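A.B. asks: Here you go, one structure.
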């Protein structure tokens, strides 16, 4: 039977010369040169060339000759140095080869639907259907191994810092944000349902009430929502909660963790402390609460300068309490008319009604709106925006949110196009002081920007009674290169404040009790001050490995329409099964599938 | 605001004498002695006595005086040695106390529904409803910390041995054993369902097809079944799969892992190699496939001796191809008539129609059946069973299964009652050579004893065509003190054998393809020989910590009727939510809840 491998293919080198080794692996390719058979044998570690020659073993050669790509082999042979002219500098193991004297074909293989190789164009649907073949590609293997290593780094750090890993339930209760809950019918309790957790939020807080002091879990979370390219119905977060720490103390510890993670995976030294930027500043300067700080190009507000302008749209917006802001695209004055025209639909995509522009060429301001500017406005703008020859000024005038969306996204576009982004950089920042509540126009009520357990800043608590929209939260996001990679908050830990919060959210006392009575009650039995954070593990792995979507970081991901192309899940089930669960399928209209 | 704790309560000792420390914790109890207030302050690590005295700080004393049990405090003070007469030998920190000069009450507490203390009788329902208080008890904290440590030991070992941690999907596809699947309706695909995995079996095999070579995951699994005391609807297993290893190689590695786990958690040295016992022997000698090997009391077959006996039931059973076996309960001849009578319903519980007995007292065999024995039968039995004065012989005659069940359970009962079990021992064994198939009388077909991917023993493969019931599997269970703590198998890795297996199970080709087409196809693309194991993590933690049910090892367990008493899950949900999922509740009869 099979012999245990003595070495990994990819780790053989000149130091094994003369040794007899046993390898197990897959045939990457085979070449026949005048009766000698050269096979690239691949395992998880890499590739090595093995050679079958009648001089080494006629029998081995004959068996090997039956092997095709992706056959599984066990071979034994001697490691020898390659002659100078046959060294392969493109292969880690290219200085040696293995002369095989014994071989067993462990399994045969049909020709796979695509080559098991990096850097080739394969339709993603095909890759996902044959994920087990896709996973053989070195790139996927490396990513999954890095993911495993990253988890270990998190765990080791948290263990060293006295965090206890606790598993929280997957079968739990539907919450008020339940619209995105996956539900699970209960067989034992007909008509009742479990929900899969969108996060272990409640349980980690209860663990703090339970005196666990420091908790972590690499937790699976679930969200049944319309999927975008960078979302998965199930995803993984590194979930952390601590008692007795202040926000600063927690963020310090998390920085230390982050620095270690990136040192040990990407081999980069991230300087500390991370920049801390308020939500207000992030929105103001970058038009985003997850700014990409690898480049400048800050937005500048000019509402005061143009409030009385003859550019009517500016004056009107200013009068209506809106904002006028400018992105000065340095050196872009030579953009073509088409490029400038294309900015209009771009702005529209983010809700903008238009985008005014000015180019500065040959010492002159040009563009449709220039003639409406007064000389003193031009002077003031020149000074505030540091306008020089070659600048392209892009103006957005609207309400705060639209201006931020339009110019924030424009900033990213211009940054990319001007090559201002150093792709090798990892630029972290904490965004802090988030607003606690946002006004929901549709529901005509406040909603929690983070979640309803977030603690307000001490100095803002008094706004509960007067102007809840003004309350800033003790909430923070960890931002990396324009992505949110973590987020959390200090939590409310007193019943009366939690009730105030539910009230601000428009929950009736009954609703609050129905959904969170147990939590409100828990707060009465000696709950410590606590707070925590959750890192988006999939996204961190994606950024470390510089892959371009989350599916590349997950062994068996779902598609954008939440299906598994490999197992063909979800699927229909027997009526008997449904009957036992006391549910019935109720299609809205004849299934159009 | 709160000061970061400088020390843990339970870790203060004489070596901190003279130091000023800051502690955070909960009031365990308070005593007032003539104007001096003594408080036992508790955190995760243990308890320390803190003292408030007007001489240290009048203000601190006044604040502390408001504190009641379970108040949360932050205190700062100096560590001092206790005078000889006030040393508390029952407290780890009993040689010192902390004289408090500064205090902050971080939160108040109502009187909890039970004392936060070990060793007191509390109704489990109440404990589960107030789990966050129950978790504060030292016993629960220690168990959860040990659980966390055990997970780390597993991970570190597996990491050292080149296993890659891979997360497999929780939202997956219903399988043929789907009757116990939890289902999750899909919003995006009306009428279709995901299933929660009963184990990551298929995915770990696909990872081997994918060339991952060594995989592990501490995985949540789900089974919707009638619950017994030692089952949970969601449970955790340490899931492991390897390529290219033989069964012996894998078991060796797993022994090494197990030995380390028990050394580092229970501080015991488990000798290696573990005993290996075939399924046939385990059933024969112990009447169980998970024998408790901490004591002997082996069952002995006597069918041959009594085949022609005048004890008609023995002769009849022997003639019908059944078995007659004896448990010789050494020294139990003095059991009362009532005790012997009580064995009849005990036997009946395990399907036995009765239990004959013989006592050996004053050199004489006594009991209702003795008169039917021929002298040569008595002689043969005396020899085979080593019968001596004081023995109690317990006879079971029936088919193999019933005899095993009755006498196996009787063996445990007698072993316990005779005090034969050394509770400090951890006695491991591998049970091997399980039958691959069992006959399902109801469905009139074979079912997989382990699962349909288990590889037959090479020498038994030929029985597929002639007598599938005879096939022994390359399957193994790890048994500890009468519990199955792990189990696994070498897997089928060739399509034709997997098809043979599905056929033996009575699957039509269509069924097999419908359910496992992707796996059958995967086997055609170069699947390595592979096999694995899964450890029952909850149960291991239970046995290490010597708790008596799984709920004691889980932070937020479900009850035997699969509910969470804390959050009150499962629960009803809005019709709107169900409508979005295209399902409807269909109760069989008016809900009687």
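Cβ atoms are placed via backbone N, Cα and C, with glycine included.
TrEMBL: automatically predicted annotations, no manual curation.
Pasting the relevant annotations from TrEMBL:
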- A:177, A:223, A:450, A:491: L-aspartate binding site (BINDING)
- A:223, A:224, A:225, A:232, A:484, A:536, A:537, A:538, A:539: ATP binding site (BINDING)
- A:144-557: domain 'Aminoacyl-transfer RNA synthetases class-II family profile' (DOMAIN)
- A:201-204: region 'Aspartate' (REGION)
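Help me picture where these features are in the structure shown.
C.D. replies: Its Cβ placed at the centre, residue A:491 (L-aspartate binding site) has 24 other Cβ atoms within 10 Å.
Under the DSSP three-state reduction, residue A:539 (ATP binding site) is assigned to helix.
Each residue in the region 'Aspartate' (A:201-204) has a pLDDT score, and their mean in this model is 96.
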A.B. asks: Could you give the Cα-Cα distance between residue A:225 (ATP binding site) and residue A:450 (L-aspartate binding site), in whole Å?
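C.D. replies: One finds 17 Å between the Cα atoms of these residues.
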A.B. asks: For the C-alpha pair, I'd like the distance in angstrom between residue A:223 (L-aspartate binding site) and residue A:537 (ATP binding site), rounded off.
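C.D. replies: If we compare the Cα positions of residue A:223 (L-aspartate binding site) and residue A:537 (ATP binding site), the gap is 15 Å.
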A.B. asks: Could you say whether, by DSSP, residue A:450 (L-aspartate binding site) belongs to a helix, a strand or a coil region?
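C.D. replies: It is coil.
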A.B. asks: Between the Cα atoms of residue A:450 (L-aspartate binding site) and residue A:484 (ATP binding site), find the distance and write it as a whole number of Å.
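C.D. replies: Spelling it out, the Cα of residue A:450 (L-aspartate binding site) and the Cα of residue A:484 (ATP binding site) are 13 Å apart.
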A.B. asks: Could you state the CA-to-CA distance between residue A:539 (ATP binding site) and residue A:491 (L-aspartate binding site) to the nearest Å?
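C.D. replies: Checking the Cα atoms of residue A:539 (ATP binding site) and residue A:491 (L-aspartate binding site) gives a distance of 25 Å.
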A.B. asks: Please report the distance from the Cα of residue A:537 (ATP binding site) to the Cα of residue A:491 (L-aspartate binding site), rounded to the nearest angstrom.
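C.D. replies: A Cα-Cα distance of 22 Å.
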A.B. asks: How big is the gap, in Å, between the Cα of residue A:484 (ATP binding site) and that of residue A:491 (L-aspartate binding site), rounded to a whole number?
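C.D. replies: So the alpha carbons of residue A:484 (ATP binding site) and residue A:491 (L-aspartate binding site) sit roughly 20 Å from each other.
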A.B. asks: Among residues A:223, A:224, A:225, A:232, A:484, A:536, A:537, A:538, A:539 annotated as binding ATP, what is the maximum Cα-Cα distance? Answer in Å.
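C.D. replies: It comes out at 20 Å between the most distant Cα atoms.
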